[in-house]
Number of protein chains: 2
Amino acid sequence: MIPKDHPRYRSLVAREQLARCAREGIVAPEGLAAHGRGEAFDYLLGEKTTESAALAERTAAAMLLAARHAVISVNGNTAALAAAEIAALQRASGADVEVNLFHRTQERIERITRLLTEHGVRVLTGTPERIVPLSHDRALSLPEGIGDADVVLVPLEDGDRCAALREMGKAVITVDLNPLSRTARTASLTIVDEVTRAIPAIAAACASLEPGEGERLIASLDNTYLLRAAIDEMRERLAHALE
Amino acid sequence: MIPKDHPRYRSLVAREQLARCAREGIVAPEGLAAHGRGEAFDYLLGEKTTESAALAERTAAAMLLAARHAVISVNGNTAALAAAEIAALQRASGADVEVNLFHRTQERIERITRLLTEHGVRVLTGTPERIVPLSHDRALSLPEGIGDADVVLVPLEDGDRCAALREMGKAVITVDLNPLSRTARTASLTIVDEVTRAIPAIAAACASLEPGEGERLIASLDNTYLLRAAIDEMRERLAHALE
């Protein structure tokens, strides 16, 4: 048991949750390594939502609400960490939710769908087709889901898939703690924040945008500024790390 | 298959190797997450041995050679990534090798011992006792191994264990890519480098120290300087990351 007053309680609980889901086959071993990379960058952010991340989250809410058809693409790590948060964001934004895996097996799709459903997510079902320009089963998506979407939120995504969705002309919002990753640099909007902080923040913003605020946020979106701000936070923290 | 000319070939091969060892039970799920944290910091170092890390590796060689009894403590991640490198370092330094696990089961001890033996490591055997001041099975060590050592090399170690070994009066050398970790800040000497680069570098230094160089290196050891140098490298790389 991790004591609740441990300074890194949330981070340690998330790691335990993910290791448990790995033992159950919901999270791939590669997903655990990816989570570790995120932990390192979150540590450099002080494990909190920065001002620029909060701006990105508000902009993400504006984009989801303004979309013709918004879809949230959920993988194993996101389901393991934030199933309830995804359900709340779906309610707040009206977005569809589709399960989409890098390490895809029918069994993992079913386990993750079950986990999401148990937490109140309405998961799109249907017959996946090779829609996204990627090799192998990573191309598989639902024609009536990601195939039809104009805005896709893909938390914790890999660079190839992010780029392929952009090439299809979609607006891509990602949540990625590494501001240097190809995903972070390829997405239309990158939220450099931990997923269980980011998803509730987007949901809260969906409910609190002022009239006209959404249009202003979308018009002034500058992803390079957001990445630069995250990097500056990390540099500043490193500078004082040994004090 | 990862193409050999991929700019991050070594890093991606290491990750695959670790995921495979996780499926075989050699690496714990938590070990995969820890590896991911290391990858993030290595990325910030440019995935190369810095000048200050090379100095730390030379100092580590001096400490191992000057020890009354040097022991290399090997866990699952180290065995999975660097079994052959540990064998070479054992030959170069004359150090004993003991298997010591955070997530300890008899089965994992046996698997890891077998993996090391297959790669030419002579692994200490015996009856472990609760020697190290830690709770539960993490205290278990060999009286004739870590129990008797004056210098212990513990690559990829956790902060509690590093501190406990220091409290026992031992000189602790660690390999840790996170210069901010408790392990890095508690060890007598911290090598901020990737383990498959660090271990061969220490072995090479064992064979090439000039007369008197070892004494000089040990006398001028300044671990805070080494950590600060690693942090400065990371800050510099972050500053130019989006160019």
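Quick reminder: no glycine exception, Cβ is built from N, Cα and C everywhere.
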Residue from A:Arg37, A:Arg138, A:Arg216 that TrEMBL also lists as binding ATP with A:Arg15, A:Asp176, A:Leu177, A:Asn178, A:Arg182, A:Thr183: A:Arg37
A:Asp176, A:Arg182, A:Thr183: the binding-site residues whose Cβ falls under 8 Å from a chain B Cβ: none
Cβ-Cβ distance under 8 Å to A:Arg182 (ATP binding site), same chain, at least six residues away: A:Gly159, A:Asp160, A:Cys162, A:Ala163
DSSP state at A:Asp176 (ATP binding site), helix/strand/coil: coil
Entry from the binding-site residues list A:Arg15, A:Arg37, A:Asp176, A:Leu177, A:Thr183 having the most other CB atoms no farther than 10 A: A:Asp176
